[in-house]
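So that you can see what the record holds, here are the features copied from Swiss-Prot:
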{"type": "BINDING", "residues": "A:Gly152, A:Val153, A:Ser154, A:Arg155, A:Ser156, A:Gly157, A:Lys158, A:Thr159", "note": "ADP binding site"}
2 protein chains.
Amino acid sequence: MKRTAFYLSDGTGITAETLGHSMLSQFGSIEFIQVTLPFVQSDEQTREAVARINKAAKEDGAKPVVFSTLVNTDHRAILHGCDALILDLFGAFLRPLEDELGVRSSHKINQSHAIRDAESYRIRINAVHFALDNDDGARTRHYDQADIILIGVSRSGKTPTCLYLALQFGLFTANYPLTEDDFDDLRLPKALMEHKHKLFGLTIDADRLSAIRSERKAGSKYASPRQCDMELRALEAMYNKHNIPYLDATELSIEEISTRVLAMKGLKRRLQ
Amino acid sequence: MKRTAFYLSDGTGITAETLGHSMLSQFGSIEFIQVTLPFVQSDEQTREAVARINKAAKEDGAKPVVFSTLVNTDHRAILHGCDALILDLFGAFLRPLEDELGVRSSHKINQSHAIRDAESYRIRINAVHFALDNDDGARTRHYDQADIILIGVSRSGKTPTCLYLALQFGLFTANYPLTEDDFDDLRLPKALMEHKHKLFGLTIDADRLSAIRSERKAGSKYASPRQCDMELRALEAMYNKHNIPYLDATELSIEEISTRVLAMKGLKRRLQ
């Protein structure tokens, strides 16, 4: 049976989507068609959303599931008239929170992912540009400003992790690719040696690495299982020799790698 | 009064944080100390979390607020014994969802931000590398593969937006900076002209742009309000002349810019 899941929001829809993905991941056997309806900010737009939801209910022959982060009381009342299972975040949690805190909430729409202040924006933009400028060992002279320096072999997930840490947490991240040349005597490159306490290593399963590299250069030595295996063995020997904390990224998403690195290094985020 | 907010999760904590930020943004007058407790996956770890929460309750002299995405029933029972306001996502929404869908959920921990499949991972990594390779007009010969090409003046938010669209939605993004040279006759650079339907413009308030640029090159002509104003006027004339859809990014967060661009261009995300 076809089911539609709606993510309904007066803002970006990111909270509703995150919430919904999290809940739906518990129902692996059901396939959902997912529709995000962001920036629903008026009675009129809420009624349009309700019409779309009711249409899906009719077409599917089954109630859609609606994850809603609408804040406005009138809009929520309109929404609750539709033919769907409504999981209403503010409906469920706002009242107990108000009671505990002893204040009424602002009921202002589109607060969640609105720009908080110029300072946070600045930190974030600077972090992103720092990550770009210090990607892939391009520059090493600003490592004194880095919060963390990720190391690992080519295509093991360093770059996306650095960008995620920059965008999400405002951290100043650098990354440096270790290559065959570095493995000869297991000596750390000088630029890294000077900032050893900032280093964090990634490793990955050799077959997985080979598959990822093959996409880029199929049939090359670079992508061969043998080469990948050799590099990864040397890499882990290097981590162990220098007591560098590291993580196997094979089965992990970018979010998981990032949050684990944060926890393992005890890093304090610059953005909440 | 000091209040502590805990984000408690058996996974990365991202869902709990997103949910919590969204709720707390409704209470602007209260300052929260925010603590994320990720990867809580055993009875033992849950009890440790409860101890931390109770300690905060004592120190603050006020109940902490706990946003929990714990899935395991035993862990949730342990959690509910603590001295705090517990906002329990799965407690509130899982049962109605199970009833509507007519199946029991898996109650598997750490599903939400776990790697879904190798294919999604691949799309995401490729999107990130595409964004990097096609940042800041560095290369224009792969624009045929781009889903969208963001244009605008220097430091108007193109790069972070491209990276966010790549990481979050798996979109292939490029961006191209328009400079004074391009404004002489309001003619679009050839590389852009050929992909006009993929263009999306950003603009920004001149004072804001001047402040951002001043951080990079204080006192320069580049950062002067006059120069910024001149560039932005010409830019908007260019957007209008060529019928390029655009957005004023001044008051918007990266998430808002990204989701609005997605909606305005009618782009289909490659990742859910």
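The count begins at 1 with the first shown residue.
In case you wondered, yes, glycine gets a Cβ from its N, Cα and C as well.
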In three-state DSSP terms, the structure that A:Val153 (ADP binding site) belongs to: coil
Listed binding-site residues (A:Gly152, A:Val153, A:Ser154, A:Lys158, A:Thr159) that sit near chain B [CB under 8 A]: A:Thr159
Tertiary neighbours of A:Val153 (ADP binding site) (same chain, Cβ under 8 Å, six or more apart): A:Pro177, A:Leu178, A:Thr179, A:Ile204, A:Leu209, A:Cys228, A:Glu231, A:Leu232, A:Leu235
Around the Cβ of A:Thr159 (ADP binding site), the count of other Cβ atoms that are within 10 Å: 21
Other CB atoms within 10 A, centred on A:Lys158 (ADP binding site): 28
Shell list (ADP; ref centroid = CB of A:Gly152, A:Val153, A:Ser154, A:Arg155, A:Ser156, A:Gly157, A:Lys158, A:Thr159; cutoff 8 A): A:Asn175, A:Pro177, A:Leu202, A:Ile204
Under 8 Å by Cβ from A:Gly152 (ADP binding site), same chain, sequence gap 6 or more: A:Lys158, A:Asn175, A:Pro177, A:Leu178, A:Gly201, A:Leu202, A:Thr203, A:Ile204, A:Leu235
Binding-site residues compared (A:Ser154, A:Ser156) - the one with the fewest other Cβ atoms within 10 Å: A:Ser154
Which listed residue (A:Arg155, A:Gly157) has most other Cβ within 10 Å, given these are binding-site residues: A:Gly157
